[in-house]
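Following: one structure in structure tokens, then a few remarks.
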Amino acid sequence: MKKQKLVIIGNGMAGIRCVENILREDSGVFEISMFGSEPHTSYSRLMLSSVLQGETSLSDLMIRPDNWYKEHNIQLFTGETVLYIDKVSKTLKTDRNREVAYDKLILATGSSPFMLPITGADKEGVLSFRTIEDCERLINMAEDYTKAVVIGGGLLGLEAARGLFNLGMETDVVHISNHIMGRQLDEQASLMLQEELEAQGMNFLLEKEAEEILGNERVEGIRFKDGSIVKADVVVMAVGIKPNIQLAEVSGIETKKGIVVDDLLKTSVSDIYAVGECAEHKGMVYGLVQPLYEQGEVLAKHLCEQQTEGYKGSLLYTQLKISGVDVFSAGHIDSGLGKKAIHYHNEVESVYKKVVFDGSKAVGTVMFGDTRAGPLVLDAIVKNKVLSSQDKVKLLEHPDPKDSAVASYSLDKQICTCNSVSKGAIIQAVQQKNLTTAEQVKECTKASSSCGGCKPVVSELLAYIQSEDFDQKIASESPFCPCTTLTEDELVEQIQIQDLTNSNEVMKQLGWKNSNGCVTCQLAIDYYLGMIHPDYEVENQDLRGDEENKAIVQRDGYYAVVPQLYGGEMTIGQLKNITNAAERYSISQVAIGNDQRIHLLGLKQEDVPHFCEELNIPLSYSYGNRIEPIRTDIGNHECQCDKQEALHLAQVLEKKTELLQTPYRMKVGISSCVHNGARATTKDLGAIRVGGKWEIYIGGNSGRRARSGQLLCVVEHKEQVERMLLGCLQYYRKSARYLERTWHWMERLSLVHIREALFDQDLCDDLLQSLEADVAQRRDCFVPI
């Protein structure tokens, strides 16, 4: 199938995150091109303040290097601006006279700093704080000048001021309001932050409105509307941003404050979308990074034709550490108009907390000095929890780690989406490197090192790991049994490198401490030898290919046989054979098992060969860890849905996976409709036909510890279902450890990694070819004798 041409205008954080999500969902759908007006690859604007403050280098800003674009076949045009989009011919034109066609187009043009329209704003030494070039200029200016004034007391203004202060400049912060960071903090928290920053040496000029930048060619000072003047060698304007909508306007795309989009991020023009700071969704334009990432995830799913509920808007929250002071803010921070708040203020420790309630529900919070309860309050706000009076008070207390939301997260849950750091990766780092602070976790794993939005969750997870209630261990690279110093991965590697073919060779050549091994390593060695040499198991266990050897001995000494009925379907002739043979050999019990197969029990040992001959139906092979008979919804008459396609798919899969060994016994379910008669979502692998498409799930369990599988992907045709299920099965066989369940395997590798592997067409093709070869070799070993 020919790839569609996808063009992204904007190489910033929103654009690159959207592309990353698209590659994760399905890397084979689009031929991707990206345009960026700046001469760099994608970088994090959020970390510019860290560079200015001397905490990191410019090289650490880069989100993706040049070779990443090449590896993913992305055509990148840097330093090139798109001037016009022809929505009729579906082409765009750039300032270098380049014309590019598209099938789908994403506007991720971001925003620009708002510069005050006052006299003298164009003088040398007056600049914004938005780009790498701005950052470099400020660092250079700090070497030659001594006095800086930052206009704007919001988040960006304070970060710029702190950076200039760290560079040795005397720094004033000018703000039009009577308290700083008015969007994130109430007056009390704002006053406490101001006092802290003043104690560190910064100066604030509040309720001041700039009227003119003074000086000849270069800035020398600022005159305010009240007539007062302040000296300045450098002026930084950090008063806000404005969405870059000019391209959309000239191209006839609907705009208001930003580029107007719906829940699927569609603009008013077909096949054109917008994400990030340039997009306006239901009247809101978002300037924080988390909403941009949420938009990118929704758009990627939509473009790759995956199920999505659409973008519903974002709850804004901020977790900051400003000059060593922790600040947390979320939702509606002002009481009044029916809203009431609970306050906690400790002047001695400089701690302030406020949670705002609308009736029985938390709707906002501000915390200063101690933000440990931030994630718990945020969870209550996001989930719209109904709270009792006692629950409300508890939100201001130190949270109990065992009640933490992170305690319930799976190991592959992404904690830091900016740097793809999972819960499991953080736990492993903490345990193996004895990390004790959130700052150490950031340095070691990069979690929270970009936008900082995940800082509260990282802190919450660390507190949970350090609590008495935490008892989870992440497997380290230690020997998998006492008989050897090798890990399981090293064992497999050495078997392959040295071409070892039996367990005695393995133990002798690899220096086993116990020459006979133990139960753990004996079984593991047999399994890995069987995977590397598919005929190994048959030779060593003498499982010959005749049907009588597939009979199963019971506790009472009698035998059971299970005819192989692919998909649980049989012909009238097969049914007659079964009943005739059962009557002739006086079978004591005939039952339909939960595997949808007929089980014939009570057969004498001496009758087994003759019974199999008369039955004239292959028997189901059930030794060791195998794929159990695939469950279908044939026979489920609760609905009238067509079940033939699901049945045929199950039969094909069973025939293509016969005799294969797996790390652990596997259950597979194929449901023909949304009624899910095969309970496919609670199987190791499952597929459900929903709304004309197939949803594929992985990692479920219908046993004692039941769990739902996770959605792997959504595809249209049953051939794609077959490809995904077989590819996933073989990847599990190739990369799982002995007796590792599918959900443990999924958590270890991460669902994202498994998707990326299966969506890589070349890799998936290799998996399918190796699966076919393994099955063929196993069948050769079972030729009837």
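Glycine is no exception: its Cβ is also placed from the backbone N, Cα and C atoms.
Here is what TrEMBL records for this protein:
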type	residues	note
DOMAIN	5-283	domain 'FAD/NAD(P)-binding'
DOMAIN	318-384	domain 'NADH-rubredoxin oxidoreductase C-terminal'
DOMAIN	415-463	domain 'BFD-like [2Fe-2S]-binding'
DOMAIN	481-529	domain 'BFD-like [2Fe-2S]-binding'
DOMAIN	553-615	domain 'Nitrite/Sulfite reductase ferredoxin-like'
DOMAIN	631-758	domain 'Nitrite/sulphite reductase 4Fe-4S'
BINDING	CYS639, CYS673	[4Fe-4S] cluster binding site
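If you count C-beta pairs under 8 angstroms between the domain 'FAD/NAD(P)-binding' (5-283) and each of 318-384, 415-463, 481-529, 553-615, 631-758, the highest count goes to 318-384. Here the binding-site residues are CYS639, CYS673, and the one ringed by the most other CB atoms within 10 angstroms is CYS673. Taking H, G and I as helix, E and B as strand and the rest as coil, DSSP gives the domain 'BFD-like [2Fe-2S]-binding' (481-529) the counts 29 helix, 0 strand, 20 coil. Under the three-state DSSP scheme, CYS639 ([4Fe-4S] cluster binding site) falls in the coil class. Assigned with DSSP, the residues of the domain 'BFD-like [2Fe-2S]-binding' (415-463) fall into helix, strand and coil as follows: 28 helix, 4 strand, 17 coil.
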